[in-house]
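Peer 1: Take this structure, written in structure tokens, and hold onto it; I'll ask about it next.
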Amino acid sequence: MEAIMGGRTVSARGLCAFCLQAQRRHLLMSGYSRISRPSPKSFSTVPPLRQDAPSSTNNEEKQSALPDDASREEGAMSRRLAEMTEQSMTEGGRSARKNIQEAGFSEELKKQLEERLAASAFKSENAAAISVANMPSSAGRGTQDIAAAPAWTGSESVQDATLRMLDDASKPIKTPYKIPKPGLPSVSLAPSPKTKQSSGQRLASARERTINYSLSQDSGMSEAEREALRKEFRERFTPGARVMPMSIQGLQSLANERIEDAMARGQFKYIRRGKGQGTQEDHNANSAFIDTTEYFMNKIIQKQEIVPPWIEKQQELAREVDRFRQRIRSDWRRHAARLIASQGGSLLDQMKRARAYAAAESRLTAQRLASVASDSDQSVTQINSDGRIVPSRTPSSEQDSASPPTESSEEPLPHLPPLRDPEYLSIERGYHELTIKTLNALTRSYNLQAPAMAQKPYLNLERELTNCYADVAPSLADEIKRRATERARGPALPPSQRSSSVFEMLATKQATRVYSEDPSKEYGFKDFWKDLFGRKKEGQTG
């Protein structure tokens, strides 16, 4: 295979790729000085000027005088090879320079290539400054800052971090900032839209107008009643009877009116004057560490005594449960005292039986706790009247608590079973079950509103009765003694039914003595009649 380059035929046999590349560069560089680059074509919007004939002849002579090599246009292949050569020389480094020296370039071409190498190095080193200098004037401030900024190295400098924190510390000022100017309130001449009323409101207003009209036209009313009715209608248009205003000016006028009315009534007469008098300073309101919105909302809620719905439900549930437990304890205490007293014996014997029943109740409680503790390793818990879990007492503590009455008593207590009355329970069973059902329904509605941590367990009738027996048993002896020694009192009248006349207030509290008169010396109506008419007869005769 043969190739024609520069008028010479070069055989490709026995030549490698490096030899062909070196020969191509040599041939290209040897003729590079004779080839002229095509000048860029320029376009103009100005029409060409008319030239004289002599000038056109001179141009033709000059063009004819140019050599044939200069008049030829350079081909696309030649231009591409020249660009590749320049690129390899500028980016090749030492090896490219060595090839230039071996190829035998002229000094002028070497100088041009070195100038290009120096220019490209200068541009790469000062790329930021050159981009800023060549940037058009229409570019924005941000674009200019980005072009002049140093290249990103992967870490933020201390100056940039400090500037960023200072910028984030405060809100940027809105630009352009307009100073607010007080202007006249805009008056809209368009008719205000009518508020739509519901059918219920329209029906109520129509009924009220009908009643008012029928009352005003009633023939049976007197003139005084008509005048009172007209006065009532006129009062509806007074400032106090109007609906609360919805604008700032309306609220201000209403506040000023009420303040003036209070001043006229003398309510500001005894207020202390002076700076700081009669005021309370709230230091938390100006604290920078508290959210003022949340603080003021909580303060308003506390002043108005507003609580969440589940808190109100919790208070209602606790109140009803406490009422039920107090009721069953007071009923059982009264019935147990009567039951023990009905067995007969002296007061000391009755109190001794009551203490024996209390000791039996404590033994039963200790046995129950011991059986539960043996079944499971977990500690037994109890629930108090508020629904809170309280630590249970161990059987030893129960026995210790029950032992002091036996030690302090002179005689040992009889061994009795716990006091129960099935007849009493059968009578009260209906009330107990209905109350437990109502309280459980109230507990269910509360648990649906309350969070999981504040929910309460349901009540069990047997557990409530057991707790009632355990709580009432120690106080049975005192209850029996109180009922036996307390003097019976009549029903006390309430203060509203007590007479409070002036004579009773002035009367002394000393005991008065009543003396009975001799029946022979009594002076009755008969004696009075005789004396009256006897004196008249004596006067007539005399």
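Every residue gets a Cβ built from N, Cα and C, even glycine.
Here's the feature list from TrEMBL:
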REGION    33-77  region 'Disordered'
COMPBIAS  59-77  compositional bias 'Basic and acidic residues'
COMPBIAS  172-181  compositional bias 'Low complexity'
REGION    172-208  region 'Disordered'
DOMAIN    254-325  domain 'DnaJ homologue subfamily C member 28 conserved'
REGION    370-422  region 'Disordered'
COMPBIAS  373-385  compositional bias 'Polar residues'
COMPBIAS  393-402  compositional bias 'Polar residues'
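Set these features in their place in the structure for me.
Peer 2: Helix first, then strand, then coil: DSSP counts for the domain 'DnaJ homologue subfamily C member 28 conserved' (254-325) stand at 46 helix, 0 strand, 26 coil.
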Peer 1: What does DSSP give as the helix, strand and coil breakdown of the region 'Disordered' (172-208)?
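Peer 2: Helix (H, G, I), strand (E, B), coil: 10 helix, 0 strand, 27 coil.
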Peer 1: Take the domain 'DnaJ homologue subfamily C member 28 conserved' (254-325) and average the pLDDT across it for me.
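Peer 2: 83, rounded to a whole number.
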